[in-house]
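*Asks:* Here you go, one structure.
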Amino acid sequence: MKIKPYTPDNSTLAYSVGVTLDRFIKKKQDDFPFASGELSQLLRDIALATKIVNRETNRAGLSNIGGAFGQTNVQGEEQQKLDVIANIRFTRALTKGGEVCAVVSEEDDEVIDLQNSSGKYVIAIDPLDGSSNIDVNISIGTIFSIYRRVTPTGSPIQPEDIMQPGNQQVAAGYVLYGSSTMLVYTTGNGVNGFTYEQSLGEFFLSHPDICAPKTGKIYSINEGSYHSFEDGLKSYLDHCKRKEYNARYIGSLVADFHRNLLKGGIYIYPKTKKSPTGKLRLLYEANALAFIAEQAGARATDGKDRILDIIPNSLHQRTPLYIGSTKMVVEAESFLEVKQESIHEK
Ligand SMILES: O=P(O)(O)OC[C@H]1O[C@](O)(COP(=O)(O)O)[C@@H](O)[C@@H]1O
Ligand SMILES: [Mg+2]
Ligand SMILES: [Mg+2]
């Protein structure tokens, strides 16, 4: 009997399918033994819910799950059916997974106690981001933040378990239901992106160790509110135009953020007359993307202060968000600062 060493067949006959999400999580678990097995399992639970929501988004136009749900959420925003469906799917998967004790969701007024007495984690989630784009087949997303509860496992959930600053996150991620479905997340050791292979029902590592360009030529902002922007922001936008940067804004935070993370750019949702503290929510939008941004070498502030250091004081509080390539965010802040100083000098 002859035995020969395996020599990988690098021909194009059978493309390499690469590393699955499950294999990647297992390897990270081996590499970082202090990382808890429960967190690894929680990430798997999220991936499962993502596959189900992905299927729902793919058929939203075909079935009766498109359109408005007929109720408004705590934000006073009209809920889309897919907002509600995604919320149900994620909450159900997290309940069954058993690792999460409480959920803060954009779609629920109050904190949801999952009654998982052994659950060590709290999750803050935007189940469906970009709701205005659901019925027009434009990319939408999901955003999640994961914290470890600070009170003893099994005891009643306390405010201190929930109202933690973003710098206490143990993991954060987003899903982009776009031309392909991607899961991008961090556990504090870099950012990795996985692409969903529908026919195999698996996520495969497609964007290992994502590092954001330090600068870029894309700026993303809804200029419909231009006249209520503060002067410093108007000056910064004039600067972008003089530089002939590309204006790219599709009204889905996850999609705008993801493009700028990979290509270099800045996304701004500032305070406006309509949204005096900004539109985006701290707990389940800004914090998660800020953690990912910083892990990828980018920057996230409210125009002045680091998003991850903001101490939350209410569940659905909003914050202005300046996020993306470090040099662009710093430059935008400098325009705000200059104008602020000139106001104080008057
Ligand atoms: O329509 P506007 O005011 O530009 O706001 C668009 C922003 O609002 C959002 O849709 C808010 O998120 P939700 O869809 O989860 O409420 C972001 O995805 C998007 O970037
Ligand atoms: Mg959102
Ligand atoms: Mg939403």
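Just so you know, glycine gets a Cβ as well, placed from its N, Cα and C.
Automatic, uncurated: that is what TrEMBL annotation is.
Annotations per TrEMBL:
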type: DOMAIN; residues: 20-208; note: domain 'Fructose-1-6-bisphosphatase class I N-terminal'
type: BINDING; residues: E106, D126, L128; note: Mg(2+) 1 binding site
type: BINDING; residues: D126, D129, E285; note: Mg(2+) 2 binding site
type: BINDING; residues: D129, G130, S131, S132, N222, Y249, K279; note: substrate binding site
type: DOMAIN; residues: 213-336; note: domain 'Fructose-1-6-bisphosphatase class 1 C-terminal'
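What does the local environment look like for each feature on the list?
*Replies:* Under the DSSP three-state reduction, D126 (Mg(2+) 1 binding site) is assigned to strand. Taking the Cβ of D126 (Mg(2+) 1 binding site) as centre and 10 Å as the limit, one finds 29 other Cβ atoms among all the protein chains shown.
For Y249 (substrate binding site), the number of other Cβ atoms no farther than 10 Å from its own Cβ, over all displayed protein chains, is 16. Classification of Y249 (substrate binding site) by DSSP places it in coil, neither helical nor stranded.
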*Asks:* Hey, what's the Cβ neighbour count for G130 (substrate binding site) at 10 Å?
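*Replies:* Here the count is 23.
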*Asks:* For D126 (Mg(2+) 1 binding site), which of these binding-site residues sit within 10 Å, Cα to Cα: S132, N222, Y249, K279, E285?
*Replies:* E285
*Asks:* Using a 10 Å radius around its CB, how many other CB atoms surround E285 (Mg(2+) 2 binding site)?
*Replies:* 29
*Asks:* Which binding-site residues among E106, G130, N222, Y249, K279, E285 have CB under 6 Å of ligand 3?
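*Replies:* Cβ under 6 Å from ligand 3: E106.
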*Asks:* Anything from the binding-site residues D126, L128, D129, S131, K279 with its Cβ under 6 A from ligand 2? List those in sequence order.
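*Replies:* Going through D126, L128, D129, S131, K279 in sequence order, those close to ligand 2 turn out to be D126, D129.
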